[in-house]
Every structure is written in structure tokens, then in C-alpha cells.
Amino acid sequence: MTVTALGLPTVARSTGDGSAGASPAPADGPLVDTYGRAATDLRVSLTDRCNLRCTYCMPAEGLNWLPGDALLSPTELARLLRIAVARLGITSVRFTGGEPLVVRHLEEVVAAAAALEPRPEITLTTNGLGLARRAEGLKKAGLNRINVSLDSVDAAHFARITRRDRLPDVLAGLAAAKAAGLEPVKVNAVLDPVSGLDDAVELLRYCLQHGYQLRIIEQMPLDASHSWQRDNVIDADRILQTLQQHFELTPDSRPRGSAPAELWQVAEGPTHAAGTVGVIASVSHAFCSACDRTRLTADGQIRSCLFSREETDLRHLLRGGADDAEIEAAWRAAMWSKPAGHGINDPDFVQPVRPMSAIGG
């Protein structure tokens, strides 16, 4: 079995006068690009700071963090969320980092999103440190569900990958999220080239035993050191081949839609319950044609793609007195020029300057 490639958009970009490529972005309606894709999923990075130092993300000494006055205030962020939902048709908001749990006003931000009309689905991606004591409060604030990044349930492997000996804290956070009703609890894993395939098997077994849904993600070129190499990526086909040696997998029959993960049903076994596992083949089997995301960084920049090399500055507009219509127009223009695909496999691909920790997952 192999994953299915969704490929690049089939809606051609025109280039002549009066064409889609030459015309301005629509002034209303869905938040579309020139390839016909509509963005309904907003990814919001709340901070570039993180309390782990994962080897594929940032160096051991950390990075130069954004200064406090560069970050959007809760009031500024609430305004952009309102514009996104009320004027641009956003139906889902995911808060990310860096690590969003280091943000003290996280519950306030979640509550502001939950108060919007129409109310969007509100989700969070976190490394799980501190989640055990905040899961209940986040649920009360309006959080619907959660994704926890966890690359290994082997303590030594976890410490090597994250440069922190904190696996018990993450596992406690997962349990607290489930107890708080932030379900389905999903686990996001990026496989380490050294131990990743073994880790994938044990992760899936652990998730099935505890009622979590595992998503395994191909490592992407978003590390701060720009040392990513395609040859080191454990691709989706190898992941599936390995899992099939230990579990009985069948393709999930539900339409995939714009979801990045291709799902597989896992049959019950002697050591685990039945469940699902997803594989996100970001590199080897692009799904850019179905992308429905728009991204807002912690310092107020709009990115149309994880791998964009251009950004649109909404913070400047916010602080310069722009009205909602002007901000909406800038956001629409940013998304209108979204590229056809991420370009990772192009010979002239250039990694974005911002690392993943400063963009948000």
C-alpha cells in the first residue's frame, strides 16, 4: 500500500490581460487564490518561543526570539480573528507556536475566538509541557480539541530528539487532555532518522492503547540550521511498510477532503485496541491542490504557505489606523497570490528564512 498523491491544483492560472493572474483579488466571498482554492482554516502562531529544542527544529542554544513589542497584543489578535471569521469565511482556527502553552494569556485568546460569530472550531498544537495543569481551563475557555507533538515514547529517544528529559510531563498532558474532553486527542510525530521507524511502531501501539489518534508527518525543510536533506527523510511509503509488519491496516473509506493526513484503519490486536493512524506525506506526495490554509505569524504577518518567501504585514496596518476593510483587502491580496505548491521537490527550491518555530504548524 502507498499513500495517494493529491498533486498540484488543476485550476490553471491565466496570465493575459483580464485573466485571473492579472486581476485583483475578489473584494468579497471566500478567501480564494488564483488556483481556485478557498482558505477556511487559519493557523495562528502565538509565539516563536519554545521550551524544547528538537533537533529538526532549532539549535540547542535556542534562537533569537522576537521582541515583545513585535508580537500582536491580545486585542490586536482578537481583531484579526474577528475579521478572519466575519469577513473572510474562516471556519477553523488552530493556535500554534513555537509553543503556545508558554503564552500566559492563551486562555484569553481561546475565549476571544470562542466568542466569535459564527463560532469557528478552535484547536491547539502543543508539545504538551504544562498541559496537565491547563487542559481543563482551556476546555472551559472554548478549546475544542488538541494535537500534541510527540516523536517517541522511549525516554532515551525522546531526550535525544528534544534535548530535554520531559517525556513523563508530555504523557501526563495527553492524559489530562483526554480527561478534559479535548477529543479526539491527536499525536503528531516527526520521525528521527536514527530511531524513527522503531519509534513509529511503539507510538502507534501506545496511542491505540490509550485512545489517541497518531499522525506521522514527513520531516520538512523548516529547520533553523537549514541542514535538512531529502535523503534523511523517512517517507510515507517506508512508514506504511513498517507499520504493516506489526499491524493490520486497511485504507479509511471516508473522503479525505482537504485533510493533510491519509487515514488507515488499524484492526484490533493482542496488545492494542482498534483505531486509526494517519500519514502526512508533505514531501513525497504533495497535497497542495487541496490546501485550505492561511497563516498568521506571532508578529502579524500573513503567509499563504508554510514555504512562502513573501509575507504581508497586517501588524503595520493595525498600528497605522487601518480600518477592517483595508485589512481584509490586504489579507485577500496575500492569499490571491498563493503559489501552486510548496516547491520542495523543485531543483531551485529555497528554504524559507523563518524556521517552523517562527511560522507555526
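Every residue, even glycine, has its Cβ placed from backbone N, Cα and C.
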- Message: Can you identify, from 1-30, 241-270, the stretch that Swiss-Prot calls region 'Disordered'?
- Response: 1-30
- Message: Please identify which of ARG37, ARG43, ARG238 is recorded by Swiss-Prot as part of the GTP site containing ARG94, THR125, LYS186, ARG293, THR294, ARG295.
- Response: ARG43
- Note on the structure: MET220 (S-adenosyl-L-methionine binding site), DSSP three-state class -> coil
- Message: So the record assigns ARG43, ARG94, THR125, LYS186, ARG293, THR294, ARG295 to GTP. If I measure every Cα pair among those residues, what is the longest distance in angstrom, as a whole number?
- Response: 21
- Task: Find, for the listed binding-site residues MET220, CYS291, the residue with the lowest Cβ contact count at a 10 Å cut-off, counting only other Cβ atoms.
- Result: MET220
